[in-house]
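To keep things clear, I will list the structure first and then write my remarks on it.
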């Protein structure tokens, strides 16, 4: 399966391009990419980003695809599945992603034969940027975008997805879902990331 790393966000709360911010000498996004590549079910990595950021991310040595829609995560997922078959999508700011958890989600996705397999919190909140998507989900997203509705969660819920109950997962897998929004979040992860 292709691992797609979304890198199109504005980083407004971070105060600069957070995905290129160096942690232990490596850009934040590279920590995420390396962990996803350690998953046995992931064959290659593709970065989906805006045209403006494309050159910065190409320097990392991975394939880059431009998200021309610029409508947030739903546009990134649409771009990914319009270029590739089934994909595992992750946000570039999730450096604690656990490779075994990625493999487990991909297995559940294949077993469930659904369009999407997504982690879900007890309160109903979804983690759509840590999920597996079928290329067959493209039409559902396309219809929603054409209606001017850009909430990825709405399209996922309408697809009768495979849900993964987050609270029942091992703690280290739950930590996979932690993302960096502000510089203060860096303190929480520096010890967990190896040089």
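The backbone N, Cα and C atoms fix where each Cβ goes, glycine too.
Under the heading GTP binding site, Swiss-Prot lists 6, 7, 8, 18, 67, 93, citing sequence analysis as support. Taken residue by residue with DSSP, residue 18 (GTP binding site) is part of a helix. Neighbour count (other Cβ atoms within 10 Å of the Cβ, all protein chains): 25 for residue 18 (GTP binding site).
For 93, the entry in Swiss-Prot reads Mg(2+) binding site, with the evidence type sequence analysis.
Comparing Cβ neighbour counts within 10 Å across the binding-site residues 6, 7, the minimum falls on 6. Farthest C-alpha pair in the GTP-binding residues 6, 7, 8, 18, 67, 93: 18 Å apart.
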